[in-house]
Amino acid sequence: MPYSVLVAGTPGVGKTTFSKELAAAMGSCRVIELGKTIAAEHLYSEWDDDHNCSIFDEDAVEEHLESLGVFGKENVVVDFHSPDFLPSEWFDLVVVLRCSTEALWSRLEQRHYTEAKIKENVECEIFQTILDDCREHFGEDKVLELQSVSIENIATNVQSVLAKITSTATKAH
């Protein structure tokens, strides 16, 4: 039975690394790094100079994902920082990765983010903005919060998600 996982979290928490590891553990699985897809497919309406990022077009992103025809047909892991516009029915599970503010600050510095952008993302993590948005949009039962402070967390988190997938699949039959 195909399974769709959305991996969300503040930029720098480890979504892409985790998504690739999860997909490998799931076997035959497509990974969609939505941020890269938005850039590659020009699914944005404008550029924000203050934040040094694109303002993506939610409708265009949703249409593009729908055109791929993967949801409900194959295993898929979608990785994105701001997913609360995507249809809830597309995903069986939403994993929200969290991170300590110290580790997050360091990771964003390594990416050469501006201090203002680092502060904004650290505040987002402190106030658990993405977690709350995902719980509100996708529902408490569908959201799994996991800590992603160190590389050691990845294997444990992958196992937690695989256990959740197995548990969900067992209940469905």
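Cβ coordinates come from backbone N, Cα and C, glycine included.
Neighbour list (Gly14 (ATP binding site), Cβ cut-off 8 Å, at least 6 residues apart, same chain): Leu97, Cys99, Ser148, Asn153, Ile154. Per TrEMBL, the feature ATP binding site maps to Gly12, Gly14, Lys15, Thr16, Thr17, Arg111.
TrEMBL lists 33-56 with the feature region 'NMPbind'. Long-range neighbours of the region 'NMPbind' (33-56) within the same chain, counting only residues 6 or more positions beyond its ends whose Cβ lies under 8 Å from a Cβ of the stretch, are 16, 19, 64-65, 78-81, 83, 114, 117, 120.
According to TrEMBL, the region 'LID' annotation covers 110-120. Across the region 'LID' (110-120), mean pLDDT in this model comes to 94.
For Thr16 (ATP binding site), the number of other Cβ atoms no farther than 10 Å from its own Cβ, over all displayed protein chains, is 15. Excluding Gly12, Gly14, Lys15, Thr16, Thr17, Arg111 themselves, the residues of that chain whose CB lies within 8 A of the CB mean position for the ATP site are, in sequence, Pro11, Val13, Phe18, Arg107. Cβ neighbour count for Arg111 (ATP binding site): 10 (other Cβ atoms within 10 Å of its Cβ, all protein chains included). For the region 'NMPbind' (33-56), the DSSP-based tally of helix, strand and coil residues reads 7 helix, 10 strand, 7 coil. For the ATP site, whose annotated binding residues are Gly12, Gly14, Lys15, Thr16, Thr17, Arg111, the maximal Cα to Cα separation is 15 Å.
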